[in-house]
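Here the structure is laid out as structure tokens; the discussion comes afterwards.
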Amino acid sequence: MSERSVGIVATNYHTIEGEFQLEGGHTLKNIRLAYETYGNLNKEKSNAILVCHALTGDAHAAGRHSDDDKKPGWWDDIIGPGKALDTDRYFVLCSNVLGGCKGTTGPASLDPDTGRQYGITFPVITIRDMVNVQKRLIDHMGITTLFAVVGGSMGGMQTLQWCVAYPELVKKAVVIASTAVSSPQQIAFNEVGRNAIISDPDWNGGDYYEGEPPVNGLSTARMIAHITYLSDASMHEKFGRRLQQGESYKFDMSNDFQVGSYLKYQGDTFTGRFDANSYLYATKAVDYFDLSMNGSLAEGLKYVQAKMLVISITSDWLYSPYHSKKIVEGLTVKEHDVSYREIESSYGHDAFLLESGQINYVIHNFLTHTSVADVMTEKVATIREGASIDTAAKVMFEEALTHLPVVNENGCLVGIVTSWDISKAVALKCSKLENIMTRDVLTAFPDEPIVAAAKRMERHSISALPVVDEKNRLIGIIDSEDINRLIG
């Protein structure tokens, strides 16, 4: 399939009415959430993928808002028809985080109690607060299962938090260039950036919205952070020790080197699109992020149910491969389904935004390698062997079933009854279940590819397969609708 753009898109808004409880104990009223969607939600609402943005990102992840836009959304290379997050197949959703400044309630928003911007009176938030707000949006859309949650950097933290806070909702998760526990070094860089903002006289205790914003402090904070997004190799390649002007030093305090001019440009342009107070709150949320429990990351991740893909960047020194491997170790201890990939790149941390070829390849392979467990229905109505046909018919009618597995007292599969079997029993005046049920039942295993199960169903002209574990205990069922929805 050729890769195309999602085209012209619009930002949508949802208001969470009433008071919203935050992890720190405070509440916020009537939170407004900015979000964008790409692709179509299927009838079963089972194809949704939530994309979580990084520290200074926003909801505009793909497409353009108008034909005049110079740049598309920040992950346009990954989201769209034929791309890893294929909008011909998935319903992709991205929202601006709580505390942000791109449409979602944050420090620059009006406090309904005062009619003025919150400023520094905005309550301190956490990654979990961000995720809880996203959950309310998912609920509003009627989505009860996320096919995947995907995010890089701070977006990876949100992805992990989703898997921990709402394990039953997330089928798959992709964590890119991130960590499960913010390190002292990462906290230190954030602290220096916050101090640069707070030290700017124009910050004015966070109350600057009717005056001059603290552009110098915010620009410096961005310059500091941007260094951590690059690698030594990429800076050597891009700038080396090349001078900004001429071939000799100026021997004054002006900027001599190209790398300095580049950082200043990054800082200055950043002040035109981001709020200084939002930067304070977002970095604080990152500092607080720690999914370990009693010092053990394995304990903190023990309830994760999603199939996980953890991706690191070889040259990333902000969230180095070490941090990704610690996530994998924490998941492996409890035997969670996790795979790990390293992206070879000299771009540093920003490679998750720049290495679109590798990122597309790895994510596409992970999302499309669908197993039976990814799509099976886990809550299956059953009937015990020895039950009457009348009982079976009643269960099938009340649950609107065409297939009813028969199990023994240990939950092991011993047969299956279909709606055709019930019709046959009525015609032949049978009363015993064992006279009509199929005993030699074709089954599937949870870890086998869905394609293999689909071929088995087609070969035998059946429309459902019970899913069993290694001891033949029933753990789920898949039917032709599940197959058609996924592989057409």
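Placement of Cβ uses the backbone N, Cα and C atoms for every residue, glycine included.
Noted in Swiss-Prot for the protein shown:
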DOMAIN    47-355  domain 'AB hydrolase-1'
ACT_SITE  Ser153  active site, nucleophile
BINDING   Arg222, Asp350  substrate binding site
ACT_SITE  Asp316  active site
ACT_SITE  His349  active site
DOMAIN    376-433  domain 'CBS 1'
DOMAIN    437-488  domain 'CBS 2'
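The recorded positions near His349 (active site), taking a 10 angstroms Cα-Cα threshold over the set Ser153, Arg222, Asp316, are Ser153, Asp316. If you take the CA of Asp316 (active site) and look 10 A around it, the recorded positions you hit from Ser153, Arg222, Asp350 are Asp350. It is 9 Å from the Cα atom of Asp350 (substrate binding site) to that of Ser153 (active site, nucleophile). On the 0 to 100 pLDDT scale, the model's mean across the domain 'CBS 2' (437-488) is 87.
Of the listed recorded positions, namely Asp316, Asp350, the sparsest CB environment within 10 A is found at Asp350.
Cβ environment of Arg222 (substrate binding site): Gly193, Gln266, Gly267, Phe270, Thr271, Phe274 lie under 8 Å away, each six or more residues apart in the same chain.
Sequence-distant neighbours of the residue listed as 'active site, nucleophile' (same chain, six or more apart, CB under 8 Å from its CB) are Ala54, Leu55, Ile176, Ala177, Ser178, Tyr319, His349, Phe352, listed in sequence order. Per DSSP, the domain 'CBS 2' (437-488) is made up of 19 helix, 15 strand, 18 coil. For His349 (active site), the count of additional Cβ atoms within 10 Å of its Cβ stands at 25 [all protein chains shown].
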